[in-house]
Structures are given as structure tokens and as C-alpha cells.
Amino acid sequence: MSKAIKLPQKLMLLGSGELGKEFVIAAQRLGNYVIAVDRYANAPAMQVADFCEVISMLSADDLEAVVTKYQPDFIIPEIEAIRTEKLQEFEDRGITVIPTAAATNYTMNRDRIRELAHEELGIRTAKYGYAITLEELIAVSDEIGFPNVVKPVMSSSGKGQSVVATKEEVEKAWNYAIANSRGDSQKVIVEEFINFEIEITLLTIKQWDSPTIFCSPIGHRQERGDYQESWQPAGISEDKILEAQAIAKKVTDALGGAGIFGVEFFITKDEVIFSELSPRPHDTGMVTLISQNLNEFELHLRAILGLPIPKIEQLGPSASAVILASEKLDAPVFTGIAEALAAPDVDIRLFGKPTAHPYRRMGVALAKAENVQAAREKATDAASKIQISSQ
């Protein structure tokens, strides 16, 4: 792609959640037109886009209709549940799919990306197996051993994951994974439980005409398979950072294209173990809204458009903490914002989701401090001050 790209470009976002919303804001700051597409109305990114459409992204006919209507220059998937074979058709017709149609197809399913990393590229991963029935899951779990981790091969933001400590918990894990599976899949992956010191996300920026570059690693903590807090810098050794960068480059080079990739690793005392990869901004990377001179959404946009990224500057110890709903609500209302913002170097992002349900991520608190622990405490404290209720 030429570095002399002309603006504005017409960008179609498939999936319009909170990550998409921040991407739209970044895109519009450079004057681009954005069409936000999702399966429900008034999704976060739709609230700031130029145009929006509600479709089933698993429907080839629906995808064809919106692409024909808008004729985008770029198609940018933000979620996993998309009819990915249709993206290849669009790419063949000259539309740029980010990072590529083939890469999107690989990364929409945990089984494909795991096989690429482990079997084709020889990268160390947790031991794993697959199951498409409860009986198969019981057998594979016995083979992998306990504890293990059960996940849908396709899900959104870590939904459907559970740690299985004993054979008696396998059926519950199966039901939870299938209930939270996205798309057509009824397949789960079973992974060896890694006794890690820290989980990290390495935001990896693959460019059309320039070398791959990296953000400072981001540490994160999960519950129920979903991120609860993240922090930067992660506080791991330089040799492990270099090893993670080498692995991330190897995988993203195999996938091709351009854009930001969220590459997740388990860091143990002695090893750097590849976990997962998302070919888009990562939820744990929301900390970059406060921690970097260019956040992950701006970096994604620049990489997509072939614009230069001369410097990524980490601005000091920073953290994010999620703001979760605790009950089912229509038109949720937020209080405690003033209290949350009373501390210095704290910011709040409310995503504008039209409804709430237990554990739904409704916003994020961001904080900077003199060290990472203080930043984490400040972000968590700010998030705890925000209450969500009905009107």
C-alpha cells in the first residue's frame, strides 16, 4: 500500500462495541467516513459513526447488501462472529480487509490460530485438545489432566471460559462454553492449565511498508475469562520481552496484512508461552488511552492507512479497571462519576451500551500514578465508585 494514501477513506467496521467506538473516534479525527455495523441497534460505535447498519454478520446476504450499498475502501472486523468466507470475496473484488481476509479467518477461531502457532510455526503453547460433544470433552480433559481450561473455539472477549479443577466440573464447563459460543460453532478447546506468574498482552503493530513495532507489554488480570484490570508497563524482564516480540512477529508475519494485533502470553518463571491472538485492538489495551502518546486505536488506524508511526511513548505507570453491571437493566444510569474523577490523573470512559446485564462491561476507569501498584489501586477505586441503576 502506498504511503501517499489520500484522505478521507471509507471504513466499514464489522462489530461496533466499545473498542470499535474508540477506533471510530480516531478515524474521524483524520476526517474519514465510518460505517458501523452490528447485530443490535445503538451499539457504542454506532453512536459516533457517520452511518450505521443492523445486520446479521453471519449472513452472507446481509454482508453483501451493506458492502454493495456503501462500497467501502476498507473492511475492519472488530468481532469474531462474522461469515469470514464472504470477506475473501470482498478482498478478491479489491476491498482491503484488515488485516487480510485469510488472517481474519484464521483468528476468528481459537483452533485455527493455535494450530498455526504450534503445529506450523513450532511455537510453545499449552497442551490442548478439542471436543464437539460432552463425552469427547470428558475424554480430552482426562488426557490433558486437571486442572485445565475449557473455552469455546469462537467467543467474544473471553466469554465462556472456565477453569476445570475436577472431572465432576466438566459438564458445567461444557454447558457454559456452548452457551457463550459465537457463530455456528459447537466446538470447545481444552487447554493445559499454565501456572503463570503474569499474563500479558503484547500489542504488535504490523505495517504495510515499515517494520513491525511493539508497545510496552501490558499485564492483565482475568475473571470468568474476561479482563478485569490491565496495567502498563507489565514489569517483566527485557529478555522475556524480546522473546515475546520474536514470537509475536513470527505469528503476525505468517498472517500478513497490516494493523494492530493483541498477542497474549503466559509468562512463567522460565518460559514465554503463546496463548491467543486477536487481529484488532485488544480490550486489555484500553489502558493505552492514558498510558501512551498514541493509543492502540490510533496505532491501528495509522497502520491500516499506511501512515507513519515515528514514536510510541509510554507515559509512565498506568492502569485500567472495568466498570461492570450487576443486574439486567434497560437504559442504565450512572452515578458516582464526580467521586470517581476527584482524584488526579484519573479518567473514565462510559461506553454507552443501551442495556446492561450481570458482568457486562459498561465502562472503564483509567489512572496514572508513581508506580504500577498505585495506578492499579487508583483505577480500581475509581471504578468502584461508579454505580449503575435504572432510571
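Cβ coordinates are placed from backbone N, Cα and C, and glycine is handled just like the others.
Remember, it's a predicted structure, so these values are computed and weren't measured experimentally.
What Swiss-Prot says about this one:
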- Glu18, Leu19, Glu78, Asp283, Lys353, Arg360, Arg361: N(1)-(5-phospho-beta-D-ribosyl)glycinamide binding site (BINDING)
- Arg110, Lys151, Ser156, Ser157, Gly158, Lys159, Gly160, Gln161, Glu191, Glu192, Phe193, Ile194, Glu199: ATP binding site (BINDING)
- 115-305: domain 'ATP-grasp' (DOMAIN)
- Glu264, Glu276: Mg(2+) binding site (BINDING)
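Overlay of Swiss-Prot annotations on the structure.
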residue: Glu18; record: N(1)-(5-phospho-beta-D-ribosyl)glycinamide binding site; CB count, 10 Å: 24
residue: Glu78; record: N(1)-(5-phospho-beta-D-ribosyl)glycinamide binding site; CB count, 10 Å: 26
residue: Arg110; record: ATP binding site; CB count, 10 Å: 24
residue: Gly160; record: ATP binding site; CB count, 10 Å: 25
residue: Glu191; record: ATP binding site; CB count, 10 Å: 21
residue: Phe193; record: ATP binding site; CB count, 10 Å: 17
residue: Glu199; record: ATP binding site; CB count, 10 Å: 21
residue: Asp283; record: N(1)-(5-phospho-beta-D-ribosyl)glycinamide binding site; CB count, 10 Å: 23
residue: Arg360; record: N(1)-(5-phospho-beta-D-ribosyl)glycinamide binding site; CB count, 10 Å: 20
residue: Arg361; record: N(1)-(5-phospho-beta-D-ribosyl)glycinamide binding site; CB count, 10 Å: 20
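Minimal Cβ crowding within 10 Å, among the binding-site residues Leu19, Glu264, is found at Glu264. Lys353 (N(1)-(5-phospho-beta-D-ribosyl)glycinamide binding site) counts 21 other C-beta atoms within 10 Å of its own C-beta, drawing on all protein chains shown. Put simply, Glu264 (Mg(2+) binding site) is 7 Å from Glu199 (ATP binding site) when counted between their Cα atoms. Among the binding-site residues Arg110, Phe193, Glu276, the residue whose Cα lies closest in space to that of Leu19 (N(1)-(5-phospho-beta-D-ribosyl)glycinamide binding site) is Glu276. Comparing Cα positions, Lys353 (N(1)-(5-phospho-beta-D-ribosyl)glycinamide binding site) lies closest to Gly160 out of the binding-site residues Gly160, Glu191, Glu264.
In this structure the alpha carbons, written CA, of Glu264 (Mg(2+) binding site) and Asp283 (N(1)-(5-phospho-beta-D-ribosyl)glycinamide binding site) are 11 Å apart. If you take the Cα of Arg110 (ATP binding site) and the Cα of Glu276 (Mg(2+) binding site), they are about 7 angstrom apart, rounded to a whole number. Taking Cα separation as the measure, Glu276 (Mg(2+) binding site) is nearest to Glu191 of the binding-site residues Glu18, Glu78, Glu191, Phe193.
Glu264 (Mg(2+) binding site) carries a strand DSSP state (E or B).
For Glu18 (N(1)-(5-phospho-beta-D-ribosyl)glycinamide binding site) paired with Phe193 (ATP binding site), the C-alpha to C-alpha distance reads 30 Å.
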